[in-house]
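K.L.:
Provided herewith is a single structure, encoded as structure tokens, for subsequent inquiry.
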Amino acid sequence: MATDIQKLIGTSEEDEDEEMEMDVKEEGDDDDEEDGEKHGDATSMIAGVDGGMPTRSSNNNRFQQHHQIQEQVGTPGGGGVRRCRPIEEKERTKLRERQRRAITARILAGLRRHGNYNLRVRADINDVIAALAREAGWVVLPDGTTFPAKSQGPRPAGVNSAAVSSQMVSPQTPASLKGVTSGYRSSGELNACNMKGVFIPSSSPYDLPSSARSQNSSIVGDGGGQTDSHPLIGGSMDNVGDKQIVDIPLKLPERDYSNTSCIPVYVMLPLGVINMKCEMVDPDGLLKQLRILKSVNVDGVMVDCWWGIVEGHAPGEYNWNGYKRLFQMVCELKLKLQVVMSFHECGGNVGDDVCIPLPHWVAEIGRSNPDIFFTDREGRRNPECLSWGIDKERVLRGRTAVEVYFDCMRSFRVEFDEYFKNGNISMIQVGLGPCGELRYPSCPVKHGWRYPGIGEFQCYDLYLLKSLRKAAEARGHSFWGRGPDNAVDHGDRVLSLAKLAFDGTCIAAKLSGLHWWYKTASHAAELAAGFYNPCNRDGYAAIVTMLKKHEATLNLACTELHMLDQHEDFQEALGDSEGLFWQVLNAAWDVCVPVSSENALPCHDHVSYKKILDSAKPLTDPDGRHLSSFTYLRLSPLLMERHNFMEFERFIKRMHGEAVGLQVYSN
């Protein structure tokens, strides 16, 4: 089994032997011993694979050994005679080695990305073998002990592996199997290695359709026989003795989501659907796209209501004209509305394709009093949103920041009261910080931040430093100073007013998935953003408790960010988006807070949709809990391309729990 797995990751004993023969020609018993030592070094190099690259120590061993081989010259009475290889052969050997390493790296990356194999960063061949064995339904203990799971049952002595594997594919055993053995100890190993006569264990969550299982085609047959068509057969065949065995690629049908809970799907409209004059940019084009979305049963759309547009010119003067026309268009198509009260600027962050600053009159105040903005240790101001330090400070033309937010929300409620009464507006998401998220702006791209940087504390404006001094003095330690360790107080203040303004309508708060450095003890990226979530403390429990107090929904982004964690360029960031997602999800569900979600990265392929579905409808949750809604980011010409939109339509059906033809995909 190990030999064939080595073939799977790009190495084999035949290749090693061939290279050894090219390195040196052995003669005599003494050289046999040295050859054994050399083979041991080669094996240790294979065991040290890290994404296809050998360890530094194994490279040193190979160099020292190679140097010794070149210097040794045989004596007339001695053992073997060693010869130096020509330079061309050495270069060809190095090239083949680099090619094998590259293949190994791609295979490991593919297993992590497309097969959901939980392989550690520095995976070796033992990790691959163990992962494949577990996929086949076997039990692998930490010490390497491997045995079949109880569900497979004991295998009678004397029954060969090929016969067992064939019997699991078909209830009848073809006569051509007699006398044919595969050399594997069990059918589980056969499946794990993706070799000849592959079968899918019936206990797998990805069971084959009954039509595929019932086909009694000649998976193993006589040499001259024809192989019938089989839904999983790639067409390649090998010979074992006088028998032909079909090489079947490991392909598994996906999970069936029919008759599962219906999760509403919303589509986020483009950021610039309303311009700075509060006018619709392309109403005719948008109408066509909305009709297409309606045709595939999208539940509704989400749209940003920008503070910088509606109250852009003077305090207390609101212009909702563009949004009135937009809302009317959406409701005429019988689509629901989710509205984001966006009290931050647009532009300068990842994915921003338009620039919508804060209101002009706020910028004027900021020029004379820059401490209304978040400030880092170097004194750089971040005008993306207002500092939480002025939540209770009357520095905005006689109003505090929370009063400004409340006045805007109250104006919106009065202007669109009929949409609330008719149930057209299903949810109001309240912006609580940068990008509308409840966090400090610790990762400003405009100040040079790049993923996966930890970020920097943004608590050095006058008002936050004042708040810090008060907190330290209240504890009796005026000399204390520390960075922000929570983001709860600001959210509590704003949501209490939002609940008052939108009484009777669901309100929500968005939480960012700061997943990088999650596998470290300090969770530094989260700490800089205001979440004190080290390895020995749950930093999100207080937040979900606050949301429960206001009967608010938690909108959590990062359902598909695991793809970024597994990208080879970012593995050293020690990120774990999936671990963070489940920590926050469980914290919310423990206090009965509904959770909605959205994709943080562009999503058009089957693999990303499948990950979202698995997170939205957890298969293993004992209580059958699921997301309350999902928002797709975002409506664009790329989404409307035929192939992408067909994949999107299938995704919507699965989210709604409708039957969709099962697809067989390569694992």
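Sequential numbering from 1, following the chain as shown.
Just so it is clear, glycine is given a Cβ too, placed from its N, Cα and C backbone atoms.
Keep in mind that TrEMBL annotations are predicted by a computer and have not been checked by a curator.
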K.L.:
Please find, within the list 1-46, 47-92, the residue stretch that TrEMBL describes as region 'Disordered'.
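P.N.:
From TrEMBL, the annotated region 'Disordered' range turns out to be 1-46.
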K.L.:
Please work out the number of neighbouring Cβ atoms within 10 Å of the Cβ of Glu598 (active site, proton acceptor), leaving out its own Cβ.
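P.N.:
Other Cβ atoms within 10 Å of Glu598 (active site, proton acceptor): 22.
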K.L.:
By a simple count, how many Cβ atoms lie within 10 Å of the Cβ of Glu437 (active site, proton donor), its own Cβ left out?
P.N.:
22
K.L.:
Can you work out the mean pLDDT of the predicted model over the domain 'BES1/BZR1 plant transcription factor N-terminal' (82-212)?
P.N.:
57
